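Novice: Below: one structure in structure tokens.
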Amino acid sequence: LHHYLNKSHYQTKYGGEVSFDGRGEMDTGYIIYFFPNGTDTTYLGTLGRFIPSAPSEYKLIIYPDAIPWKMMNKTIPRSQCTDSCQPGYRKAVNPGAQPCCYGCLPCSEGEISNRTDSENCIRCPALEWPNDKRNQCIAKTEEFLSFTDGTISVSLLSITFLFSLITLLMLRMFISYRDTPIVRANNQSLSFLLLVSIKLSFLSVFLFLGRPVDITCMLRIITFGITFSIAVSSLLAKTIMVCVAFKATKPGSSWRKWLGVKLPNSVVLFCSSIQIIICMTWLAISPPFQELDIHTSPGTIIIQCNEGSAIGFYSVIGYMGLLAAVSFVLAFLARSLPDSFNEAKYITFSMLLFCSVWITMIPAYLSTKGKNTVCVEIFAILASSAGLLACIFLPKCYIIMFRPEMNQKSSLLGSKT
């Protein structure tokens, strides 16, 4: 019977051809039907075709749009409880639920996951931080007060250049008018030394800008400490000379032997040497160094200078404060001397401003981090240096430029009578 069936070939009432191959398989193929649920069982829906004689990729043909999925959007239902956790997340299995039913939690701060369905997140190295998607570790942002750090750096640099130029012009003016009474009064060499030290203190601001390294951390503290000590020592020497000069005006006074350049030069040398010894001891025992702060601000490396020894740092600041306090007290006591020696009251104002700036600087310094600390230091240097420049030299420059008639020996001595 099979022999005859294999050779049979006929046409159905619907016009289809029916024949068999050598294996007894129908050459015409099969139509795949389905019975939709809830409908008349006599209705057959066409789902696809199966053609045995077609090439392998065309044997089975399914009509996706004809499949009546029960999903609201008519899409293929998922055969899993939850979606896969993408990179940046980790799997969190709910207690009592099936293993395939889990939640996806974002990686914690400082951690990443770089593959799908990660069981755990990986912590980034100390100097790296996750990107926004938390699937890759990238280098942390470095924070320090650079030369191009927006408005802050531009403002500080502009102020520094301005006051450095003003100091240079004043120094040139004093050199040009060095033989006039207003410049010669109260030791002109001290005035030149004071102007040079103020100039250097302004220029020391550049050491506080840029990426800190060990050498700049050492230089910035030592430079402003020594230059300010020279400046304050010069004012102390000026104050002492005011008192000595007044005492020496009395007939037969033994103070006359102290007049001259030896006493003020000795005061400046002695007071500055103590500060230099403090600084050298500090550098020898525990010098300042570059510090990478990776904990204060997440995702940021704050590059700053560590003082090394807090005792060394506060010894430098404290010694400057001591010199300023002694100068202030002596100048305050000498403020009522005759007008020919009235520079003492300008020294009083300058030391009062100097002490006020550095006293308010300490709590601000302790309560800030990173480049904000550097801004506080720079502000203290600029404010105190500008105060010395304005209080000590501005009145003299005004007389030289606009009141030349007062720049006469007779004018300076006339007020004594």
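Cβ coordinates are placed from backbone N, Cα and C, and glycine is handled just like the others.
Copied straight from TrEMBL:
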type	residues	note
DOMAIN	152-416	domain 'G-protein coupled receptors family 3 profile'
TRANSMEM	152-171	transmembrane segment
TRANSMEM	192-209	transmembrane segment
TRANSMEM	221-246	transmembrane segment
TRANSMEM	267-285	transmembrane segment
TRANSMEM	316-334	transmembrane segment
TRANSMEM	346-366	transmembrane segment
TRANSMEM	378-401	transmembrane segment
Novice: Across the domain 'G-protein coupled receptors family 3 profile' (152-416), what does the mean pLDDT come to, as a whole number?
Specialist: 85
Novice: When you scan the chain for residues with a C-beta under 8 Å from the transmembrane segment (152-171), skipping those not six or more beyond its ends, what do you find?
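Specialist: Residues packing against the transmembrane segment (152-171) from afar: 145-146, 192, 195-196, 198-199, 202-203, 205-206, 209, 371, 375, 378, 382, 385-386, 389, 393, 397.
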Novice: Which of 221-246, 267-285, 316-334, 378-401 has the most Cβ pairs closer than 8 Å to the transmembrane segment (346-366)?
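Specialist: By Cβ pairs under 8 Å, 378-401 leads among 221-246, 267-285, 316-334, 378-401.
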Novice: Please give the sequence-distant neighbours of the transmembrane segment (378-401): residues at least 6 beyond its ends with Cβ less than 8 Å from one of its Cβ atoms.
Specialist: 156, 159-160, 163, 166-167, 170, 173-174, 177, 180, 182-183, 191, 194-195, 198, 201-202, 204-205, 208, 224, 228, 231, 235, 343, 346-347, 349-350, 353-354, 357-358, 361, 407
